[in-house]
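J.: To start, I am sharing the structure in question, which I have written as structure tokens.
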Amino acid sequence: MRKPFYKILYVQVLFAICIGILLGHFWPDTGVAMKPLGDGFIKLIKMIIGPIIFCTVVTGIAGMSDMKKVGRVGGKALLYFEVVSTFALLIGLGAAHLLKPGVGFNIDPATLDTKAIAQYVSKAHGQSTVEFLMHIIPDTVFSAFANGDILQILLVSLFFGAALAVLGERARIVVQLIEQVSKVFFHIVHVITKVAPIGAFGAMAFTIGKYGLGSLVPLLKLIGTFYFTAIVFVLVVLGTIARMTGFSIVRFIAYIKEELLIVLGTSSSEAALPHMMEKLEKLGCSKSVVGLVVPTGYSFNLDGTNIYMTMAVIFIAQATGIELTLMQQLTILAVAMITSKGASGVTGSGFITLAATLAVVPTIPVAGMVLILGIDRFMSECRALTNIIGNGVATVVVSAWERELDRKRLARVLQHGAGDDADTLGEAGQRAA
């Protein structure tokens, strides 16, 4: 029996976003006061991300007969991430040169007040490659979960799952226990998801109330250029990759519409991570690939953030009248390829990553970030949407490379829209096992 339209989650979230926009615009003070609703929802999701990643990765790896497969899946995922991320950086750079969103501002960097961006610049210091890699290793097993660091949790999960796989039948009872615990946490996800409209309403009301629609006007060309470029990237680059893998990017986007609306409302791709992992399993991807690729992608495969970084750098250069040589632009690309790996799927991380990039590229003044601070929240929504679509496509592609993609199920789900709330994770788990 079909649900009434007003009971469908994505309809509720879309309605909540619209109400949030209206409240924030006409009653900004009240809109700003709604911030705890959005923050509370994101904290609820973050509360269970660690256990879900742990359970999914551990049960997936423990079920592998060949431990070499873990390294093979990880290697293929990182190769894909690097190639597609480089494409995203180049496309952002090219679009900024082609559409020139910063030309005509003629701003003297010395006149800019950098107090507003001081907190971002301070957070960006010290993000070297070595420190980033060392940070992946937690101080203790429990500190990884206490800090909620996705990569640290993933590392612990990899070791734990590999140990269970080596122990084999002797650890079977532990694997079965973790599988049952996983079902409990995914049930919690479904409960939390029911309040997603409230979270989306609060986050959107705060964004519009604090920054106002009027803050968009002076920089509409930059916003339009970024959104247009992101759409082209998704439809052309990711669309081509999807078509080569055997599915339609448009149908895939329609399939994850609920997750996209949650991301749109909260500006955080992390808010949809647990539900996204579940959806990808239902789509036909194996549990082991989903568990490895999705969490890793939240630091290594942020396509929207990559497009934003190179575009923002060129925008600041254009707005301040700085001419960049080819070598300087190649340097920016090289630096961005490293600093982008330190980003995560949370609100504002893209701006911090931009600060880290500019901090090691002295040609362009860090003070120029002031120009886009007011609109970053609106850019964050597009970054997060592009990121989550990119990670979803990456998971399907790696599953196909590993021959662990149920293509019949993939075609059936995308064709008929199966796998929504009526499906259960248990069914997906039985198929993956």
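Glycine is no exception: its Cβ is also placed from the backbone N, Cα and C atoms.
According to Swiss-Prot, the feature transmembrane segment maps to 8-28, 44-64, 78-98, 148-168, 188-208, 222-242, 307-327, 355-375.
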J.: Considering pairs 6 or more residues apart, do the transmembrane segment (222-242) and the transmembrane segment (188-208) have at least three CB pairs under 8 Å?
T.: no
J.: Given the transmembrane segment (148-168), which of the listed stretches 8-28, 44-64, 78-98, 188-208, 307-327 has the most Cβ pairs that are under 8 Å apart from it?
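T.: Between the candidates 8-28, 44-64, 78-98, 188-208, 307-327, the best contact partner of the transmembrane segment (148-168) is 44-64.
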J.: If you count every Cβ pair below 8 Å, which range out of 44-64, 78-98, 307-327 shares the most with the transmembrane segment (188-208)?
T.: 44-64
J.: So what's near the transmembrane segment (78-98) in sequence-distant terms, Cβ-Cβ under 8 Å and 6+ beyond its ends?
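T.: Distal contacts: 225, 228-229, 232-233, 237-238, 241, 296-297, 300-304, 306-311, 313-315, 318, 329, 332-333, 336-337, 340, 390, 394, 397-398.
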